[in-house]
Amino acid sequence: MTPQAKLIFTSSLILGTTITISSNHWITAWAGLEINTLAILPLIAKSHHPRAIEAATKYFLTQATASALLLFSAMMNAWHTGQWDITQLTHPTACLILTSALAMKLGLAPFHFWFPEVLQGSPLTTALLLSTLMKFPPMTLLFMTSPSLNPTLLTYMAILSTALGGWMGLNQTQIRKILAFSSISHLGWMAIIVSYHPKLTLLNFYLYSLITATVFLTLNTIKTSKLSTLMTTWTKTPALSTMLLLTLLSLAGLPPFTGFLPKWLIIQELTKQSMAPAATMISLLSLLSLFFYLRLAYCATITLPPHTTNHMKQWHASKPTSSAIAILTTTSTMLLPISPLILTTI
């Protein structure tokens, strides 16, 4: 792909995201989502591999369906209430259709099946965009419409997401699929709290995006996409592998890392809302995803070659680690001590 084409597609991504997050009208929000979808498709399919083409086709079909549902719910609400304003969504059927449309856009269970397949067929940098930037516009729509949505339905979908994200990630050997199921699991934490404390959902999303960006950029630097090649990285880049270990533990939500902060706040808020059983269940289900984070961390740092796993030998050429990874790793692991400062902003 030429630099000019890449620049056009990246600019379109930023434009589509900006249009959606700054709009009050359903039509402009829908237009921004469509620009986003069309801009990311060439970035998914740029390798011309059959799996990449398949991933782009699956992504297009699911996003087009979700956009159609979103437009349908907006039109139904406008038909009954005369309002096209995003925050004035009051018709119950329109709210239900919108919930399913946003769940499909985000990859929230039970509309999650497309996400691991699309991520597996994409390059690591595009997979990073799909996991973070592409989820920002639907997340802002969820934030804006949160007072209208059904909290019970969102709670059930959230618990299902956390359960499926944990269970389905246990048996995976491809790192992109593991990170896709990790994303589905994290979306459960965001969805369960959105009706009660929407700002916590956004905080969780920001911190999740920060930590996931660190993991993807690190994997892109060491050119690793499956567990068997991850086992050989310690001998080449021990410092980077150590940083990957700490970032994965932060992504798992273990104290004293940054990833513990949103989980702690969400459990606290759920307990205040007399939802202790839901908080207990979602906390226990997140232990499933802890297993595969520990497995990734174990492969990256503790397993040393020579070993018997079949893998392709890689060149020993070590390229310098970018300063972006250094900054991201620091923020991904060390923000917990300044949590009082973060709490004043939400």
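Including glycine, each Cβ sits where the backbone N, Cα and C put it.
TrEMBL lists 23-288 with the feature domain 'NADH:quinone oxidoreductase/Mrp antiporter transmembrane'. Residues or ranges marked as domain 'NADH dehydrogenase subunit 2 C-terminal' by TrEMBL: 290-343. Annotation comment: TrEMBL describes 7-23, 59-79, 91-115, 153-171, 203-222, 243-261, 281-304, 324-343 as transmembrane segment.
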Taking residues 6+ outside the transmembrane segment (153-171), which of them lie with a CB under 8 Å of any CB in it?
96, 99, 103, 108-110, 112, 116, 177-178, 181-192, 194-195, 275, 278, 281-282, 285-289, 291-292
Among the recorded stretches 7-23, 59-79, 203-222, 243-261, 324-343, which has the greatest number of Cβ pairs closer than 8 Å to the transmembrane segment (91-115)?
59-79
Model confidence for the domain 'NADH dehydrogenase subunit 2 C-terminal' (290-343), as mean pLDDT, reads 78
In the same chain, residues at least 6 away from the ends of the transmembrane segment (243-261) whose Cβ sits under 8 Å of its Cβ atoms read 182, 203, 207-208, 210-212, 214-215, 218-219, 286, 289-290, 293-294, 296-297, 300-301, 325, 329, 331-337, 339, 342
If we skip the immediate neighbours and take only residues 6+ beyond the ends of the transmembrane segment (203-222), which ones have a Cβ under 8 Å from one of its Cβ atoms?
124-125, 127-128, 131-133, 135-136, 139, 175, 179, 182-183, 186, 189-190, 193, 233, 236-237, 240-241, 243-244, 247-248, 250-251, 258-259, 261-262, 265-266, 319, 321-322, 324-325, 328-329, 331-332, 335, 342, 346
